[in-house]
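Colleague: After the structure tokens below, expect a handful of questions from me.
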Ligand SMILES: Cc1cc2nc3c(=O)[nH]c(=O)nc-3n(C[C@H](O)[C@H](O)[C@H](O)COP(=O)(O)O)c2cc1C
């Protein structure tokens, strides 16, 4: 535990918010409350706050402020193992809205560092989701009027701009037609991801997640429905995944090898002609061979306005399950033997350096989380809206599972007896 600057020391038997109490014997501890390593990052439990845009930055600045400080610190106080900051734009034109958070300039570092320091003081890890919205940029925050249509670049509010994408294909009739990116634009965006990673390192993040899901720029390149290019960034599968691989390579070139790097994928576009699970598996096999990614975050949808999704509890977990079985298949090396390194988790076939897999989507109870982990369908579980309803959801999950965890010390009287 890190020490606060309080006029006392933590009691000796205090393990920290979100960690089973010393009274819990090992046998009693559900997998949900066991630690896990992602690369060198040690999470105290398996519960992660999924990235969620707050659309709360003032004056088109992209600067995080006290809203973000309070919002994120609450989840840390409540014992989440890792908090992934919202989709954060690597270029100004890559924001979903004018109120998005940004990391396109060094001026963004200090305000993020203040929040990171606060989160770390609760022994919670913190990541940033690096993002570019592409053709889905330049909109109103979704909770305001007219949020389902683009703000045109010449809007008198000054809150709109010209959007870009792989091809001049708009998301739907209410959204702006994107300008097709030139190869130079693509290279600039790859460089912007790299610069954003350098800033993320300076700010003190433990983890970077590259946002390649939900129909934003990278996802637009991956999918044959939004990418009709005829150059090296479009056409066949290899060309469509090129931008993602180049972004990963450029981010990894500045993000130390021992720091965790993840990618969020929309595993399925939920249309007949879009990116599908077969494509995802093919991509994950390539990522697995490359060995530069530590976490695959399995989401879905968002790239097609005619997607058909049947939403139900844990509906995206089958994607994570399939990806885990790919990753668990031993890698073939040139000598024909499987890769090996020492196992870090007893009873688990996984190895320390193996890619970890997360699931997300309508997961709201400790029993659901535990069943996912027990069945080996994912290594960690991300939770979104349940944390908005109750920032102390980790305490609720512990109650669901009948396990005693430490609460934030000052709240000890609220602890379940
Ligand atoms: C308010 C809100 C903002 C979101 N913003 C992002 C985001 O910035 N990046 C992202 O990848 N997903 C975003 N999502 C999706 C969540 O991360 C999550 O995948 C989704 O809500 C499903 O999980 P849940 O059922 O636990 O909420 C957002 C969801 C919500 C509710």
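Here, residue 1 is simply the first one shown, and the rest follow in order.
Glycine too: its Cβ is placed from the backbone N, Cα and C atoms.
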Colleague: Looking at 307-329, 330-352, 353-375, which stretch does TrEMBL describe as region 'Disordered'?
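Modeller: My reading of TrEMBL: the region 'Disordered' range is 330-352.
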Colleague: Need the matching range: TrEMBL marks region 'Disordered' on one of 60-85, 86-111, 112-137, 138-163, and I'd like to know which.
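Modeller: Feature region 'Disordered' in TrEMBL: residues 138-163.
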Colleague: Going by DSSP assignments with H, G and I as helix and E and B as strand, what are the residue counts for the region 'Disordered' (138-163)?
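Modeller: Computed counts for the region 'Disordered' (138-163) are 0 helix, 2 strand, 24 coil.
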Colleague: Across the domain 'NADH:flavin oxidoreductase/NADH oxidase N-terminal' (33-401), what is the average pLDDT of the model, as a whole number?
Modeller: 94
